[in-house]
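A.B. asks: In case it's useful when we look at the structure, here is the feature table from TrEMBL:
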COMPBIAS  17-27  compositional bias 'Basic and acidic residues'
COMPBIAS  74-86  compositional bias 'Acidic residues'
DOMAIN    633-660  domain 'Zinc finger PMZ-type'
REGION    1-86  region 'Disordered'
Amino acid sequence: MGIHSSYGDLDFGLGNELRERSRERSPAHRPQSSPRRVVIDEALLFHLPEDASDEEPIREPGPDGDELGPFYPEPEDLTELPEDPEDTIVPPPDLDEESTATNFPVDATPISMFQPPSHFTTVDMDAMNVPDFPHDDTIDGRVNRSDGELRIGMAFSNKEIAVAAVKQYNLRHNVETVVAKTQSTYYKAYCVQKNQGCKWKIRISDLKRAGNHWKITKLEGPHTCTVASLNQDHKNLDAKFLADIFSTLVKTNPTVSVPTCQAAALAVTGFRPGYSKAWYARKKAKEETYGRWEESYKELRPWLNLLQKHIPRMVVKLDTVLAYENDRVVRGVSQFHRLFWTFPQCINAFKHYKLMVQIDGTWLYGRYTQILLLAIAQNDNRKCVPVAFAIVPKEDLESWTFFLQNLRKYVLDHVIRRRRDEGVCVISDRGTSLLWAIENLGDYWKPPYIHHHFCLRHIAANYLQKYKNRDERQMVLDMGNSHYKQEVADLLEELRTRSKHGAEYLEKIPKEKWLRSYDEGKRYGHMTTNLAEAVNSSLKGVRQLPITSIVKTTYYRLATLFATLGRQATEYMAGGHKVHPDFRTKLHTQLGQSRQMQSTLFSREGHLFRVAEFSRRLEGIQQNAYVVDLRERTCESGIFQTFKYPCAHAIAACTNQRIEYMHMVDPVYLLKTVLNVYEKEFPPIGNEVDPNAVDTEPIIRPDPALLRAKGRPRSTRLYCAEDMVEHREKTGQKKHCSICRNPGHSAPKCPNRSAPRIN
């Protein structure tokens, strides 16, 4: 259909609105401009569940992945057509307005390599869903197939799109063609059943005089052949054609599965390619979107230089070593060793965050076996932000020392110098190399500067692996989460009656490093490295990308995160809020509980109170009394000093003296502090290639010793003892014998122990 000026043919329920807008263009009807309200999508945030500090998601330390790689060059541009005596170019007919709109593709330009994929800027931790595929004739908007038919005079912007149109025609009509001859200026194909009498053939030429477009100059047919049998696959459905279909999936989710890609091809083309063909097509789509691994290492240094040019004071520590080939040094080439980077926006944000950071490492799933080390911080409303990154060969003493030295120097020192009396709490697991690295760093990683605490879940997992008792493991968790020292002592004595060696094992661990009742509120209630594990899980798609794409993703996602959360905090403050609505709900809950308590003043200065809870015998709750000190901001319940905001007992004491309990809230929870977190935004970067840059440094290549072995990768999940116990408890599964596969006993107690094992 041609383009008409009347509203009748284009009215989709908006005709009246369009007429109304045309009248509003006059000054008399033009309304005053008003600020535009922006609705923030909560799904775009680094948002953790309510129980993020108490329960840790499943960890994924195992390696996995496949090979990724490059951009494909455009067809060579020649100025003259080759002479062909057999076929002559038929001049195209005059194109009217309607045929022009149909034949020329809309948005037929190939995707620019400077446009970041949507996966780079998507910060939703749970957004791993595959988008729906409408049953239309468009694959990534690169080929125009209005009715699926080919005709003389149809124009295409390049050869790649023209060939794709021919393949799409073959798929629609369930026919197959063979390429007779192809060069940089023309393309010829005929039916595969030419010898059986089918005369269908096509020629597409590059007409430079007609605007440098490819046009169908000869088309004979139609097809007179018949299909011998139905087949789910198609010969013309090759990996390159499928890569165009999968490119949208890969940009949204790099970890998209092969069966999902097969379903996408079936929805678009009507044919389901084989697993191997779909796997190679997905690999090619990743290469076109994110680049090859070897090329990615070459692009790493220019990209880091570009970031430092646009983001002043960005910290980059890139270590390389000499590259050897047959025991000889390769000139002009250096080998990648390790990389540390952080952004000044993250350093400034950490000044206004909780004085707590969690560190952990996770495997990269790409072609090379490397480790991504992370340092994670959190604000008032459970929004966690990575503040430092590192890519190292493995988790050993050298790698952890490299990461911790730079973390202390460029991130933590800015806070420690301003708040020497408090220090920073660092939570991690009890890895041997990590503990040795902290010990070797000396006093700079010891109190009062750094308070190193352990993850409670890892301590419970180590205990279970050592003593094989789930009830005792639960007692360890109860001791760690308890707010009362007396309760911890009672649980420890009960554990001693069960396992003397288990109690002695726990007594060797300093109490202030893993018990909530002894940490004096330095952990802000975080007993595990759940923040780091949650970010590791959210970065699962990123971990399959080449190294430069990983760095790009950290920039794009953090830029989106800072802009979104900063705008959200501004809107809340404009609405008259002092704290985040979710945090205000917590305070209102404590306020409701305080109305069931009685407070008594015990100080003439008005800061020391005895707060008694009303007994509720029908609910089985006895009366308890706690001492509250408003000057020191402590409560015997331990909740006030742990979470740094008033508990119900503290609010009851404030009500007694008509004190505004909001004054007892730690400044980290206030919206004005949250707004300071995101005050420094990330500057946008236009082209990802600096045309004025002159790179005189050696080319970087990957370490060949870290190349992952060929073959199907292993499972991404390696279960520890605690994970297996939790999985059986949730699913109700019983442990099976490894010899006879029957439940109820293990291999040492199997009655069929003399029989061979069942594999």
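Backbone N, Cα and C define each Cβ position, glycine as well.
The shown structure was predicted, so the numbers you read here are calculated from the model rather than taken from an experiment.
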A.B. asks: Do any residues of this chain, six or more beyond the ends of the domain 'Zinc finger PMZ-type' (633-660), have a C-beta under 8 angstroms from a C-beta of it, and if so which?
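C.D. replies: Residues packing against the domain 'Zinc finger PMZ-type' (633-660) from afar: 483-484, 516-517, 519-521, 523-525, 583, 586-587, 590-591, 593-595, 597-601, 606, 609, 611, 626-627, 666, 668-669.
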A.B. asks: Could you give the mean pLDDT over the domain 'Zinc finger PMZ-type' (633-660), rounded to a whole number?
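C.D. replies: For the domain 'Zinc finger PMZ-type' (633-660), the model's average pLDDT rounds to 92.
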A.B. asks: Per DSSP, what is the residue tally for the domain 'Zinc finger PMZ-type' (633-660) in helix, strand and coil?
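C.D. replies: With helix first, then strand, then coil, the domain 'Zinc finger PMZ-type' (633-660) has 14 helix, 2 strand, 12 coil.
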